[in-house]
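Chemist: Under the heading active site, nucleophile, TrEMBL lists Asp15. Sequence annotations record features per position, and here TrEMBL assigns active site, proton donor/acceptor to Asp17. Sequence annotations record features per position, and here TrEMBL assigns Mg(2+) binding site to Asp15, Asp17, Glu176, Asp177. Annotation comment: TrEMBL describes 15-17, Trp31, 50-55, Ser58, Lys83, 121-125, Lys152 as substrate binding site.
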Amino acid sequence: MTTKTTGTIKGFIFDLDGVIVFTDKLHYQAWKRMADRLGISFDETVNDRLRGVSREESLDIILENYHGLALGAEEKRRLAEEKNSYYRELLEELTPDAVEEKVKDTLVKLREQGFKLAIGSSSKNAGLILERTGIAGLFDAVSDGNNIQRSKPDPEVFLKAAAFLGLEPGDCAVIEDAEAGIRAAKAGGMFAVAVHSAAGCPLADESLKTFEELLNIG
Ligand code: BG6
Ligand code: MG
């Protein structure tokens, strides 16, 4: 990889689901259970559109393939809650092993190098995930679905994360597996690093093949 920053990076803001921990797979399983119950066609391609977007917006995307009677706000609220309860059942199984050693090692090394680290996640379950995986202590700040009004691709979650770290947006690099997250990072004036399913996204400033390559950025 090449390094394109100007050397001003002082902090890293990490998306959580699909970047630090593979809870994106658990989101998929939970939505799939709900979609199957309603006879809605739902697959990995549709699931890719849900990355980084809020629970409510995700439901609207899934319901594009629902051909039953129109659903009101209360029914949609119940469906979102149904999915969340399936998802939280799955989260109960999470242990510290869910975070790969190379991810933990990289986070520790970045901290040792003096970088500030934050989570920037659209999820309202971020706190539970950090607690169950035992990695909360590796981050200086958490900005998540509980402190935002607008989810990615709006930059709000990342701008709040930078503010929580006491940094300017331009001093931060955002690490994302979602195109919506890369868009949010660029809209916020940050350096956008794409991993996994976002790798190769043309809007990203950098795409990584391995998580450890982060040590070459900044
Ligand atoms: C994001 C996920 O991190 O959080 C999305 O990529 C998810 O798929 C969103 O919809 C909201 O998560 P939650 O846990 O609040 O339903
Ligand atoms: Mg993600």
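If you go along the chain as it appears here, the first residue is 1 and each next one adds 1.
Here the Cβ of each residue, glycine as well, is placed from N, Cα and C on the backbone.
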Chemist: Return the residues near the residue listed as 'active site, proton donor/acceptor' by Cβ distance under 8 Å, restricted to its own chain and a separation of at least 6 in sequence.
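Modeler: For the residue listed as 'active site, proton donor/acceptor', the qualifying residues are Thr23, Asp24, His27, Arg51, Ser121, Ser123, Ile129, Asp177.
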Chemist: Given the Mg(2+) site residues Asp15, Asp17, Glu176, Asp177, which other residues of that chain have a Cβ within 8 Å of the mean position of their Cβ atoms, reported in sequence order?
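Modeler: Surrounding the site, in chain order, are Phe14, Leu16, Gly18, Val19, Asp24, Arg51, Gly52, Ser121, Ile175, Ala178, Gly181, Val195, His196, Ala198.
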Chemist: If you count other Cβ atoms within 10 Å of each one's Cβ, which of the binding-site residues Arg55, Lys124 has the most?
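Modeler: Per the Cβ count within 10 Å, the most buried is Arg55.
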Chemist: Just going by other Cβ atoms within 10 Å, which of the recorded positions Asp15, Glu176, Asp177 has the emptiest spot?
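Modeler: Fewest other Cβ atoms within 10 Å, among the recorded positions Asp15, Glu176, Asp177, is found for Asp177.
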Chemist: Who sits close to Trp31 (substrate binding site): which same-chain residues at least 6 apart have their Cβ under 8 Å from its Cβ?
Modeler: Phe42, Asn47, Leu50, Ser58, Ile62, Lys83
Chemist: Suppose we screen the binding-site residues Trp31, Ser121, Glu176, Asp177 by Cβ distance to ligand 1 with a cut-off under 6 Å; which survive, in sequence order?
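Modeler: With ligand 1 as the reference and 6 Å as the Cβ limit, the list reads Ser121.
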Chemist: For the recorded positions Asp17, Trp31, Arg55, Ser121, which residues place their CB under 6 A from an atom of ligand 2?
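Modeler: Close enough to ligand 2 are Asp17.
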Chemist: If you measure from the CA of Glu176 (Mg(2+) binding site) out to 10 Å, which recorded positions from the list Asp15, Gly52, Arg55, Lys124 are inside that radius?
Modeler: Asp15, Gly52
Chemist: When DSSP is mapped onto helix/strand/coil, what comes out for Arg55 (substrate binding site)?
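Modeler: The residue in question, Arg55 (substrate binding site), is helix (DSSP, three-state).
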